[in-house]
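Heads up: the structure comes next, in structure tokens.
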Amino acid sequence: MRASGQGPQRRRRGWATRDDSAVTFRDPQPRQPAGGARALRGPDPRGPARAHQAGPLLAGARRSQHMVGGAPPRPAETGCSRSRMTQKNSKLCARANVYTQVPDGGWGWAVAVSFFFVEVFTYGIIKSFGVFFNDLMDSFDESNSKISWIISICVFVLTFTAPLSTVLSNRFGHRLVVMAGGLLISLGMITASFSQRVYHMYISIGVISGLGYCFSFLPTVTILSQYFDKRRSVVTAVASTGECFAVFAFAPAITALKEHIGWRYSLLFVGLLQLNIMVCGALLRPIIIQGPGQSPKAVTLEPRREVQYMLENEKTRTSIDSIDSGVELTTSPKNVPSEAKMEQETRAEQQQTLVTAPKHSQMKAPLLDFSVLKEKSFICYALFGLFATLGFFAPSLYIIPLGISLGIDPDRAAFLLSTMAIAEVFGRIGAGFVLNREPIRKIYIELICVILLTASLFAFTFATEFWGLMLCSVFFGSMVGTIGGTHIPMLAEDDVVGIEKMSSAAGVYVFIQSISGLAGPPLAGLLVDQSKIYSRAFYSCAAGMCLAAVCLALVRPCKKGLCQNSHSGENQTDRQRGKALQDIPEDFLEMDLGKCEHRAHMKMDPV
């Protein structure tokens, strides 16, 4: 905007203030009693009107500098300017990224790296916890099933508190929630290293660290899915390999570390490493994406016109010309800014309006949308996750005890877990590239992998020596990698709920998994305690995967409407029409009832 009609126009960022007739923007710098450091910059290119705003002291200093021929100092040379630049840069780093469409890159690559290390210090540690099982049984003199409850409670809290994680992320942002989760994880693991009873670990690792795992993992994978569209499958699959590399590295490393410093100090060391999750959470910048059919100009002008209409409600005259044709607004031209002026303000403050407009809509959005439970396709997919969780954690926990029970050396048994992790890496990456192809229906690929995973779980019960377990571990790792890296991002696909409901659907989906997460490892441990055979633990995993395959096969038919009655579409259309009528503001429109009645009489007259 120009000052006194002089000088070239300069685009500036600022806060918007609105009065009855115009929209002005003020400088976002701190208030100063007399013009501030801007008065030291010399002649203002926007004219003398700006110079008169400076105080007499600073204005006199500026005149004296021009009299002696000295150039005014740069803003960077003053301490006040440096502090303002630091504050500006910090606000820029904390500001949300605004895109007109899904970027498929940009800052999303930093988010992908953060998700990789979050996977390392969350699920990587959970899957590597099996190396402590024999030490905990000897130290606490407890049975296998009671030790299994540590991970069971942890997984239960991780999944049960998923809706809470979604609500907190929508309320306070993903970054703050993930950083708080990293602190809780480290606190619980460090506290567990001083435990004297097994139930102490139920609270420290099970409850405290389990809550931290939920706060760290779910918001990270949710915001990563928002940064990518076409590359979502491959990026998520590659980033999720962090847990695989963690298992490959941590299993032999922790085993060797225990021999030198004991299991307690090893657990303390792991807890300190998990503080890095707070660094990963600091990189999660929020993202705002406009509607797919809106141009920047349309998104910018619409909120401004809406505010203008609200401020000038008494000066606006509207009427309903016809019941069938909808609502027609008739507004006085003097109350609407000119098109040239509107475009001029649009170009100058496009970024500020794009940032503030979505926030206005987000304030009205629910913190947790339970409407996903009305979709039968989501219910079937949630049941798939419920039964599949039985087979996710137990094999990694019992593969080392199974190898030791068959007479395999403990070091070679730990190598089985590392081999499983490496195979999982290739499974995740391969699934990412396969699912990234457009013609492929992704949910069918996942169904095939679930069936093959069920077969691999049954194969563990027939292995009797090292190479048989090695073959089963490779096959199981590759299949669980394809499922583990895609089952949550699959919610963003149109076959389930779509990207719009991804955040709420992920919270509800993981919450439903909590039941099997609590019952899975203890059920496997109970079978081991009764039979004294570790291979029996894989029967419950295989049975759960069979039921998961059946539920997953029903997702696509439910989405296509084959499982719905014929009247569901009509009822949904009626509800949408009723909602559209309720959204019309009553105090905004002044209905011309006389005009409507006149047209109604005209229609009733015979021709």
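Note that Cβ sites are derived from N, Cα and C of the backbone, with glycine treated the same way.
Listed in Swiss-Prot for this protein:
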- SER319: phosphoserine (MOD_RES)
- SER322: phosphoserine (MOD_RES)
- SER325: phosphoserine (MOD_RES)
- SER332: phosphoserine (MOD_RES)
- 1-84: region 'Disordered' (REGION)
- 1-105: topological domain 'Cytoplasmic' (TOPO_DOM)
- 127-146: topological domain 'Extracellular' (TOPO_DOM)
- 168-175: topological domain 'Cytoplasmic' (TOPO_DOM)
- 197-202: topological domain 'Extracellular' (TOPO_DOM)
- 224-233: topological domain 'Cytoplasmic' (TOPO_DOM)
- 255-268: topological domain 'Extracellular' (TOPO_DOM)
- 290-383: topological domain 'Cytoplasmic' (TOPO_DOM)
- 405-414: topological domain 'Extracellular' (TOPO_DOM)
- 436-442: topological domain 'Cytoplasmic' (TOPO_DOM)
- 487-507: topological domain 'Cytoplasmic' (TOPO_DOM)
- 529-536: topological domain 'Extracellular' (TOPO_DOM)
- 558-607: topological domain 'Cytoplasmic' (TOPO_DOM)
- 106-126: transmembrane segment (TRANSMEM)
- 147-167: transmembrane segment (TRANSMEM)
- 176-196: transmembrane segment (TRANSMEM)
- 203-223: transmembrane segment (TRANSMEM)
- 234-254: transmembrane segment (TRANSMEM)
- 269-289: transmembrane segment (TRANSMEM)
- 384-404: transmembrane segment (TRANSMEM)
- 415-435: transmembrane segment (TRANSMEM)
- 443-463: transmembrane segment (TRANSMEM)
- 466-486: transmembrane segment (TRANSMEM)
- 508-528: transmembrane segment (TRANSMEM)
- 537-557: transmembrane segment (TRANSMEM)
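Away from its own ends, the topological domain 'Cytoplasmic' (168-175) comes close to residues 215, 218-220, 222-223, 281-282, 284-286, 365, 367-368, 503 of its chain (Cβ-Cβ under 8 Å, at least six residues beyond either end). Here the transmembrane segment (443-463) does not touch the transmembrane segment (203-223). Their Cβ atoms form fewer than 3 pairs under 8 Å, with each pair 6 or more residues apart. Contact between the transmembrane segment (176-196) and the transmembrane segment (415-435) is not supported, since fewer than 3 Cβ pairs fall under 8 Å when only residues 6 or more apart in sequence are counted. The DSSP breakdown of the topological domain 'Extracellular' (405-414), given as helix, strand and coil counts, is 6 helix, 0 strand, 4 coil. Residues of the same chain lying 6 or more positions beyond the ends of the transmembrane segment (234-254) and with a Cβ under 8 Å from any Cβ of it are 108, 112-113, 115-125, 127-128, 130-132, 221, 224-225, 228, 266, 270, 396, 400, 411, 414-415, 417-418, 420-422, 424-425, 428-429, 431-433, 435-436, 477, 481, 484-486, 489. Contact count against the transmembrane segment (106-126) (Cβ pairs under 8 Å) is highest for 269-289, out of 269-289, 384-404, 415-435. Here the topological domain 'Extracellular' (529-536) has Cβ contacts under 8 Å with residues 143-145, 398, 401-402, 405, 460-461, 463 of the same chain, all six or more residues outside its ends.
Between the transmembrane segment (384-404) and the stretches 147-167, 203-223, 415-435, 508-528, 537-557, it is 537-557 that has the most C-beta pairs under 8 angstroms. Tertiary neighbourhood of the transmembrane segment (147-167): same-chain residues 126, 129, 133, 136-137, 140, 177, 198, 201-202, 205-207, 209-211, 213-215, 217-219, 222, 367-368, 389, 393, 397, 503-504, 506-515, 517-522, 524-525, selected by CB-CB distance under 8 Å and a gap of 6+ residues from either end.
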